[in-house]
Amino acid sequence: MANKKYDVIVVGAGHAGIEACLSSARLGLNTLMVTTNTDRIGYMSCNPSIGGLAKGHMVREIDVLGGQMGVAADETCIQYKRLNASKGPAVRGTRVQNDKHLYSQFQKEALYNQPNLEVLQGEVKRLILEKDLCVGVVLQDGSEIFGKATIITTGTFMNGVMHIGLRQEAGGRVGDQPSIGLSDQLAQFGFEVKRLKTGTPARLLKDSIDWSKTIPQAGDEKVYPFSFRSSDKLKLPQVLCYLTRTTEETHDIIRGNLDKSPMYCGIIEGVGPRYCPSIEDKITRFAERTSHQTFLEPEGLSTDLIYLQGISTSLPEDVQDRFLKTIPGLENVKVARYGYAVEYDYIEPTQIWHRLETRTIRQLFLAGQINGTSGYEEAAAQGLIAGINAAHSILGREEFILGRDQAYMGVMIDDLVTKGTREPYRMFTSRAEHRLVLREDNTIDRLSDLGRKLGLVSAESFELLTNLRERRQVLHDRLKNTVLYPTKDIQAILATIPTPAMSKSLTFEELLRRPELTSSHLELLNFELDPDPNVVEPVEIEVKYSGYVKRQMDLIVQSKRLEEMLLPDDLAYAEIRGLSNEEKDKLLRVKPRTLGQAQRISGVNPSAIQAIMIHLKGHKKIKEMGLEGQSGAGSTDSILAH
């Protein structure tokens, strides 16, 4: 392996690393994945599930762009559930329980069977840099591997430290050593390196649980798979999850031992995830609550391990034993592995571009938890984008950037690059200002053409997508053009639904806009629907919410005006009158690409945006008077001229 050359080197084999490798290799680039443990490829370090609110949206987006996660999630699903099914379409989300061992195996096989991709077990100790250009990596044995682009996807492993009570151990998760050297080198190069914290709950033995004291939680019978390539018939047997709750006794034990928690005695300095708090955090922040729910989730079909969702903890083992036994159903529980916390390094993400290349070192890309995110889906989305852009940088293609109005992936990356993060970033539907047009059901309509243009979606797969879109259009046209007359028989059927009688002839589209009607009611009126729910549901939503969608699209058009106003690379913020020192510092730090991005920077007020616009207009007038010299590409002059 010594002195071997590749196009793209990917460091790490988690969810970000997998998508980065596959996208690069599928675009024809000679790609190498380096991981410390090939047995842990695609390993689910925490919860054995994929998707959720907003997260499920991103899994579908990854899939339509040619990524891998959706297929793997469908293939290894052991329970399917649609969250918020009774709420509006913008906030519904798909979540699947997975067999974590089969998931890892499926992803590993995908990597080993992918042309243009090699997998190497080894540890990357440092980068090979030629001034500000990354040209490869050095392994622990001293061998050098050269690459035209390098992607770091190290997850929680950079200077990772595990905490159980007051005991500490080096590692990014149980059974795996930390990555030492990379973050120190980046810090020496000038990167702002910070610490974050995450945690995981205990794993319990199935036979030690009294299931009669818990509440079964079944999955959904109707399945909308993540991938357009998957069947709606799940391949694996479906299992139950179970619900139970903590008690006041549970909380008393935890409160009485907070002095033994590394989070509460000052040992852990990193900030933990706000939206996935430990049980210590829950009973402290929500002291008025007498109980918290927890779900018992099987980790697979051939394992006895149960994941205790919602009870992440880093308390000592004896304390965990005591408080677990106060939870109904767990009175005699046996713990296979205790919960623990992990503290790790991350790079402040305002130091990267939207293409996920670092601003300081060329041809070095970052993806996943190294950028301050939390979650498999967030990591996979970044891995896909980093892999595409690393490949494009070598192939001479333009950077691939998704807008906030195009995808949740675009919202996430823009948030990270523009605002940074001080805590593990998790995706929510509330983060997207255009969420009504970023639904799960219309992902194909939003992104399939882009996926084909990128080259990650095969001709055969694109034909499936095209067929699906055409069938949706046919159905929508039939709804628009088929008229229903208010005959006696029709009025009688409407009364049974019930819905008000028709006072005049209506198209089926007009009728479907009634809030009490669903597409299934149309069949009572002899309207033939497509048998595929993936055809019917998106059309029904478009019809019912057409007015809201139109208003959202109008807002997008308005916001795009600011997004299309490019800011020059050499813009001297220090010279702009009307900007506060804080605003100047933040603008210089982020270096926004557009005026739209500038207005999203925390601490930059609307008055600052006006000041920038006035400055640029004034600069343009000076130039038109011939009072300024010529400048190079990317300068204020060239952009204003553009």
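All residue numbers here begin at 1 and follow the chain in the order shown.
Cβ atoms here come from the backbone N, Cα and C positions, even for glycine.
Copied over from Swiss-Prot:
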type: BINDING; residues: G12, A13, G14, H15, A16, G17, V124, S179, Q369; note: FAD binding site
type: BINDING; residues: 272-286; note: NAD(+) binding site
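Projection of Swiss-Prot feature records onto the structure.
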residue	record	DSSP class
G14	FAD binding site	coil
V124	FAD binding site	strand
R274	NAD(+) binding site	coil
E280	NAD(+) binding site	helix
F286	NAD(+) binding site	coil
Give the sequence-ordered list of residues that share a chain with R274 (NAD(+) binding site), lie 6 or more positions from it, and have CB atoms under 8 Å from its CB.
E423, P424, R426
Which residues of the same chain, at least 6 positions away in sequence, have a Cβ lying under 8 Å from the Cβ of K282 (NAD(+) binding site)?
R289, H292
Among G12, A13, G14, H15, A16, G17, V124, S179, Q369, recorded FAD binders, what is the largest CA to CA distance in Å?
18
Show which residues of the chain containing C276 (NAD(+) binding site), separated from it by at least 6 in sequence, have their CB under 8 Å from its CB.
T198, S312, S374, P424, R426
Cα separation, G14 (FAD binding site) to F286 (NAD(+) binding site) (Å, whole number)
33
Listed in sequence order, the residues of the same chain lying six or more positions from G12 (FAD binding site) whose CB sits under 8 Å from its CB are M33, V34, T35, I152, T153, T154, G155, F157, G368
From binding-site residues G272, S278, E280, T284, the one whose Cα lies nearest V124 (FAD binding site)
G272
On a simple 10 Å Cβ count over all chains shown, which one of the binding-site residues T284, Q369 is most densely packed?
Q369
Most Cβ neighbours inside 10 Å, all chains, among the binding-site residues G14, G272
G14
What is the separation, in Å, between the Cα atoms of G14 (FAD binding site) and G272 (NAD(+) binding site)?
20
Top of the binding-site residues A16, V124 by count of other CB atoms within 10 A is A16
